[in-house]
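Colleague: If you scroll down you'll find the structure; I have some questions about it.
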Ligand code: NBP
């Protein structure tokens, strides 16, 4: 029997499509699933697309792989992943590679990588974005793990990844959990992108009384300019959809409560640990959390809002477009800051420009805009914040008047725009010469003797607040 080039275990939507993608690219693919029926189904339905080597149990699956073995796990993240890793590792030899393509937390990946490294097995935590369509036709692939494993896996992953202008949307992200970390931040940014789109739609609908179908046209128009992206494109599709049963706009028959249990939450948790203000992602996560409390919303429904309504004419549309673009720049700047901070903390040496490059295609946040981020890091790889890049600084400068009008209008008519507002507050905070953090430091020294630094002298100081209020070196 010919041995397979690579294997996939876990053949639900993602694993099946990834296996088909590999087979379509000419690789002989070993396939396995806990429940054998799925394996049989795959071979029955898609066997003609390439060479599949099915196995009923993991031992046979491992035995069907060429050495060094390359096995991709695509099972539900969590305990199942640990179980499959343990079983695979027991069947493998030093030099073999286990790739986890599921949505694992990067801390779990770091733990698993360290444990398998002891046994000489390469563990490659890999972020895969693009959903089932991407898995089949070309996802964005973000592998972590060792350099040696990238040498053996990289050519295959780049082969099956999305391509933009011939450049594959996959690079070696960095060691141990770097791949899953970058995928997590990608998803956090995805939260933020969707929140800003939702705020744009909501504000224009409330302020102008526009219909979802009219707004679909607005998004379609926006997709021809700076905002050109997959999420803007599909927003037009969703807003245009009419419910067959009721004849109402689809968006009006969907329950308005969003989930926030996944990677958005992880991104914010990690950002808090790293001390990076990812306000765009945090507001998006909290906006979902607010939507998910129907009992509180019902209790608050009688609270009065402002009397003003219907302010703003058609010019609001262009203002919102600019506010959306400016807020998006802020959200991405924050996400890239988080990757830079993690790179330093964990010693990953992330190439931020390369991250922008591999997000240009295949993944959910794919957008023209990522070319501009890559150009910013090409021009200055140690850029302290994307907001300081001359191109982005100019965009923000042009957009800021419109951005302020949008936030003002939203406040006046009582439409919540936490994404727009917090992004603007971040912009205003970051550009300030002096921040009121000085007063916060004073208060902390007053009640807790936490000390402070002076602008004009080295060292730490404490004022004797309860005594003579003289200053002492701390
Ligand atoms: P699911 O997340 O729905 O997982 C189902 C698969 O996990 C089945 O193959 C199932 O086997 C297997 N499995 C489970 Br559940 N527990 C297991 C265990 N203890 N031992 C062995 N196998 C077990 O599949 P999916 O939606 O294809 O996603 C796969 C991974 O890819 C997940 O980690 C997901 O987060 C990630 N991901 C998904 C997307 C997406 O758009 N769906 C995108 C990117 C990444 P069975 O058939 O025997 O029940």
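From the backbone N, Cα and C atoms, a Cβ is placed for every residue, glycine too.
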Colleague: TrEMBL records 10, 11, 12, 13, 14, 15, 33, 34, 35, 75, 76, 77 as NADP(+)-binding residues. Which of 21, 103 is assigned to the same site?
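Modeller: For NADP(+), TrEMBL names 10, 11, 12, 13, 14, 15, 33, 34, 35, 75, 76, 77; of 21, 103, the listed one is 103.
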Colleague: Record says 103, 129, 130, 131, 186, 187, 191, 261, 288, 450 bind substrate. Source is TrEMBL. Which of 110, 444 does it list for that same site?
Modeller: 444
Colleague: Quick one: give me the count of other CB atoms within 10 A of the CB of residue 35 (NADP(+) binding site).
Modeller: 10
Colleague: Whole-number answer please: how many Å between the C-alpha atoms of residue 450 (substrate binding site) and residue 183 (active site, proton acceptor)?
Modeller: 38
Colleague: Below 8 Å Cβ to Cβ and six or more residues apart, same chain only. Which residues does that give for residue 186 (substrate binding site)?
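Modeller: Counting only residues 6 or more apart in sequence, the Cβ neighbours of residue 186 (substrate binding site) under 8 Å are 127, 129, 140, 142, 335, 359, 363, 364, 365.
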Colleague: If you check the recorded positions 33, 130, 183, 450 one by one, which have a CB less than 6 Å away from any atom of ligand 1?
Modeller: 33
Colleague: Taking only C-alpha atoms and a 10 A limit, tell me which of 10, 33, 103 are near residue 183 (active site, proton acceptor). These are the binding-site residues.
Modeller: 103
